[in-house]
Amino acid sequence: MRPEADPMTSRVLRPSSWTLLAKLVASIVLLFVVVTTAVAALTVVQVENTLVSKVDEQLRSSTVALAPPPDADADSAKRPRVARLERGAPAIGGDALRLDIAADGTVITVPEFQPGGGARDNVPSASITKFGQRTQLTATQIAALRAIPSGSPPRTIDLGGSAGKYRVASVRYPTAVSVTNAQGTTTTQMFITTTVGVPLKPVDDTVRGTALAVGLLSGAAILLLGGVTALVVQRNLRPLRRVAATATRVSHLPLSSGDTGTGERVADRDTDARTEVGQVGAALNGLLDHIDRSLTARHRSEMQVRQFVADASHELRTPLTSIKGYAELSRREPAPVPQGVTHALGRIESEADRMTSLVEDLLLLARLDAGRPLDRAPVDLTQLAVESVSDAHAAGPDHVWSLDLPDEPCEIVGDEGRLRQVLINLLANARRHTPAGTQVTTVVRSRPDGGATVTVRDNGPGIPADLLPHVFERFARGDAARTRVEGNTGLGLSIVQAVMSAHGGSVELRSEPGRTEVALHLPGTPTTLTLPPQGDERNAGATT
């Protein structure tokens with residue numbers, strides 16, 4: 001089983017999740033690292049090539065001293081070849097390598113002279129001179145040097161061991177050689193292949209020192225560039241952060257309802273159209289202006305609708321009362337009234353009652369929408385639940401009603417009349433939309449924070465999933481899916497939500513087949529005040 005990756009590590013390894021500051025700094029530093037590395041590599045290579053070129057020039061001078069070029073005059077071509085061999089190896093520096101191979105492939109010896117001209121004994125030519133001391137070449141080293149073609153450009157060869165790498169060149173030339181035997185010493189003319197070389201250790205040391213110095217300077221420059229770049233980029237990103245802060249504040253504003261404007265704008269210093277950040281700031285200000293205009297237009301339209309609903313509802317109350325009154329008077333006439341007329345008058349009264357209930361609900365919603373606060377007084381939710389369930393039992397005796405109450409009274413501060421209406425609406429919904437025999441349970445519980453939760457639960461068929469998102473909308477009906485016993489206005493749950501919001505609480509609904517539960521969460525310290533007095537319904541849609 002693979003271990004789960006650390007989220008922080010995963011984020012660091014994904015450049016797409018980096019901040020803009022990190023991306024800019026990383027990009028600039030990476031580019032500088034690439035350029036610096038290339039320049040440093042070229043510098044080191046150039047230093048090495050220059051030093052090796054100087055060594056090659058030294059080697060060429062030595063080989064030319066042994067074998068002058070073909071275009072030299074005859075006398076000069078003859079004299080130095082014998083003379084220089086007799087003087088030993090040409091001077092090529094303090095440390096040197098020399099190997100003389102005769103035509104028959106044997107290593108020969110040559111006399112060595114002091115700088116003043118004094119002769120010394122013959123010494124083997126297959127040797128390395130280092131710090132004035134000669135070290136004879138091994139057979140393996142001699143074999144490696146034999147393989148170098150005569151007259152080829154200087155090349156590097158690793159002799160191994162303490163000798164290390166040498167830059168070597170080989171030249172073949174005719175010269176006079178002294179041969180000593182039993183008959184005496186004779187001088188003969190023969191071709192000799194001489195290989196000379198210079199150690200590359202000084203070159204390698206210089207190159208390593210140069211690389212180290214360039215590396216240290218480059219590293220320091222990279223660190224300095226990273227710090228300076230971070231400071232500069234961070235400073236230039238401040239306007240963008242201020243623009244983002246403005247957008248964040250706007251995102252937290254309650255724009256869903258009410259006469260609310262954003263009231264937030266990007267500062268003028270961050271709206272300069274000549275800069276990219278200024279263009280973003282100016283665009284955000286334009287968007288906020290458009291939002292404010294749209295909110296104002298929406299609020300104006302909502303207020304007109306609320307005022308219309310309040311006015312229409314108020315105006316309908318009087319004719320509805322008159323209709324109901326005249327229907328009752330007509331039905332009570334002492335003169336005989338046909339049965340059909342009596343039935344019609346009864347229907348007129350019942351529909352007038354339903355219309356009156358609808359008007360009252362609309363007036364209540366208009367007042368709540370207008371932001372009118374509710375009364376504040378101690379309310380015993382336990383007693384309220386008992387009375388509401390008792391009324392529901394009287395209205396629906398074919399249902400099973402039960403209570404689950406705490407041992408102690410559960411009191412909060414709120415509007416008793418509106419909370420009673422909320423409970424009545426929930427119990428009425430449970431009665432209307434469930435079949436006979438359904439058990440409806442009302443639960444009251446106190447919370448540690450001083451608030452309370454009232455839950456109405458039934459074991460009916462439940463609310464269809466496609467209707468759940470819309471149950472708190474006005475005039476929403478679930479009759480197509482739940483058993484309809486009697487008509488309703490479709491405003492019950494809208495009133496429940498509005499009253500709970502006015503109390504600073506919330507309503508939570510969960511439903512599945514066999515269980516529907518509505519939970520009312522009431523705070524311990526509501527901030528509501530007082531509703532307008534009765535008779536002020538005409539102005540219920542106006543703001544205060």
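Backbone N, Cα and C atoms are what each Cβ position is placed from, and that goes for glycine too.
The compositional bias 'Low complexity' annotation in TrEMBL covers 524-533. According to TrEMBL, the compositional bias 'Basic and acidic residues' annotation covers 535-544. Taken from TrEMBL, the feature domain 'HAMP' covers 234-296. Per TrEMBL, domain 'Histidine kinase' is recorded for 311-526. Per TrEMBL, the feature region 'Disordered' maps to 524-544. Summarising the annotation, TrEMBL assigns transmembrane segment to 211-233.
Tertiary proximity for the transmembrane segment (211-233) is limited to same-chain residues at least six positions away from its ends with a CB under 8 Å from its CB atoms, namely 21, 24-25, 28-29, 32-33, 36-37, 40, 43-44. Averaged across the domain 'HAMP' (234-296), pLDDT in this predicted model comes to 83. Assigned with DSSP, the residues of the domain 'HAMP' (234-296) fall into helix, strand and coil as follows: 41 helix, 0 strand, 22 coil.
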